[in-house]
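Quick look at what TrEMBL lists:
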type	residues	note
DOMAIN	41-484	domain 'Major facilitator superfamily (MFS) profile'
TRANSMEM	43-67	transmembrane segment
TRANSMEM	79-101	transmembrane segment
TRANSMEM	113-136	transmembrane segment
TRANSMEM	170-194	transmembrane segment
TRANSMEM	214-235	transmembrane segment
TRANSMEM	284-308	transmembrane segment
TRANSMEM	328-347	transmembrane segment
TRANSMEM	359-378	transmembrane segment
TRANSMEM	384-407	transmembrane segment
TRANSMEM	427-447	transmembrane segment
TRANSMEM	459-477	transmembrane segment
Amino acid sequence: MASGEAAAAPLLEKKSVYREGCPGCAVERRKTLNPGAPYKEFLHIWIIILVSCLPISSLFPFLYFMIRDLHIAKTVEDIGFYAGFVGASYMFGRALTSTAWGMVADRIGRKPVIMLGIFSVLLFSALFGLSGHYWMAISTRFLLGSLNGVIGPIRAYAIEVCRPEHHAIALSLVSTAWAIGLIVGPTIGGYLAQPTEKYPKLFPVGSLFGRFPYFLPCLCISIFCFPVLISCIWLPETLHNHNTDEKEDEASESLTAIFSGSEEIVEHNITSTRKNNVLKNWPLVSSIILFCIVSFDDMAYSEIFSLWAESDRKYGGLSFSSEDVGQVLAVTGVSILVYQTFLFPRIIRVLGPVNTSRVAISLSMVLLFTFAPITHLSRPWSSIAVNIASILKNNFLITIVTSSFILQNNSVTQDQRATANGLATTLMSFCKTFAPAGAGIVFSWAQKRQHVLFFPGDQMLFFLLAIVELVGLVWTFKPFLVVPDQFSSY
């Protein structure tokens, strides 16, 4: 330990060149003086990501019923088809603008982009709940995705607000908040949608919530966003407002990494990367492609899971209510928090991000083939089985996502980090644009083929998801995935 600290000392001294009035330098000075993890900033980041992710999947538990009530689908089997395009509209909007928001964040700072993104969630989430026509539902979701550019800049911010030895836990918190947001959102949607039917004493049929049965969960998300938006006034900016000279560049490119409980100083000179376009950085691009494959699988699974669980048993579903689905996702959210906080950092130290991803993908593929038989179980066994399967599936997913975050953010320098994360969000959003639309179409098709011999009904859904994950598993091997130098020993 002593030798590791001695080796680190000169490294830190090289970095102690600060400019007065530069917010980025102020953050660097604080990190030098306070070597511990910045838990206050981590908590703030965690809450920001949570609120920005809540509306992404909050609609899934009630989307089936919302499309039905909008009277756009001619038959019950067509509901999944129209639901897919509503789910895709958010991701399509985000895909068009995420790289641009990352470039803006690298130019003017992380803080303005983060605040605008939270404001867009506050506004358009409420407007989506007031949708009385199919076109309004799609357009509000599209605008919400277009203006919510939080994800790329906040991932860069999480890296910049802490010292290198805390990067793993910072990115773990990012993916935990993201995953829990994608779980808590559907929980809110499941419990609070159609309140006049579930809580008639509190919400009379003739009230606003009777006229707009899906407004309450969207309104609650908007209310939650308001104090978070106000708190961002005190969010410290991390972007430097000056151009560093070459000596400062060379000092700031030295990355300190800690793995396996021991300290190892890793000199990772990426000065040349700074001069190149991020698209020529194959370690970055290859890790983004892995992230996109997993994100496609995640979005398709999220859409299929809710539609499958709520569809009638005669169509191969579970006949769950939106409240039942919300309860399953709430339990899953708690499990993710526990797993990411206590287990994931230990696993990543032992296996490294690449091997961890391979193990998680392999186990997830096996798990997918257990979903279809659950439909043959009676209550309460079907509920127990679904909860266990959902916990495992979502924790496998978040393991792969966090590992890809670690690879991405260690492949670029600070002045490219928000752009790189914005590029990752753009490509991921394109994948998630096609995922719900494709999943909805396949779901409708699968419900019409209940009696065929080859993977009948819902079995075909989970088989196709397993094929996508197989592609992701293959991508984790050479020559497809190239890892940064500090992870080459794993």
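Quick reminder: no glycine exception, Cβ is built from N, Cα and C everywhere.
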* To do: Please give the average pLDDT for the domain 'Major facilitator superfamily (MFS) profile' (41-484) in this predicted model.
  => 85
* To do: Take the transmembrane segment (214-235) and find every residue of the same chain, 6 or more past its ends, with a Cβ under 8 Å from one of its Cβ atoms.
  => 44, 47-48, 51, 54-55, 58-59, 62, 66, 111, 114-115, 118-119, 121-123, 125-126, 128-131, 185, 188-189, 191-195, 203, 208
* Structure fact -> In the same chain, residues at least 6 away from the ends of the transmembrane segment (43-67) whose Cβ sits under 8 Å of its Cβ atoms read 73, 79-80, 82-83, 86-87, 90, 114, 117-118, 121, 124-125, 128, 131, 134, 137, 141, 144, 148, 150-151, 154, 157-158, 161, 170, 173-174, 176-178, 180-186, 188-190, 193-194, 214, 217-218, 221, 224-225, 228, 231-232, 235, 302-303, 305-307, 310-311, 322, 325-326, 329
* Asked: Have the transmembrane segment (79-101) and the transmembrane segment (384-407) got at least three CB pairs under 8 Å, pairs 6 or more apart in sequence?
  -> no
* Name the range, of those listed as 113-136, 170-194, 328-347, 427-447, 459-477, that has the largest tally of Cβ pairs under 8 Å with the transmembrane segment (284-308). => 427-447
* Would you call the transmembrane segment (328-347) and the transmembrane segment (170-194) in contact, using three or more Cβ pairs under 8 Å, pairs 6 or more apart in sequence? -> yes
* Distant-in-sequence neighbours of the transmembrane segment (384-407), which means Cβ under 8 A and at least six residues beyond its ends -> 155, 167-168, 171-172, 174-176, 178-179, 183, 283, 287-288, 290-291, 294-295, 297-298, 301, 305, 309, 318, 328-329, 331-332, 335-336, 339-340, 344, 347-348, 353-354, 356-357, 360-361, 363-364, 367-368, 370-371, 374, 377, 472, 483-484, 487
* Structure fact -> Per the Cβ filter (under 8 Å) with a sequence gap of at least 6 from its ends, the transmembrane segment (170-194) is approached by 42, 45-62, 65-66, 151, 154-155, 158-159, 161-162, 213-214, 216-217, 220-221, 302, 306, 322-327, 329-330, 332-333, 336-337, 340-341, 344-345, 348, 394, 397-398, 401-402, 405-406, 409
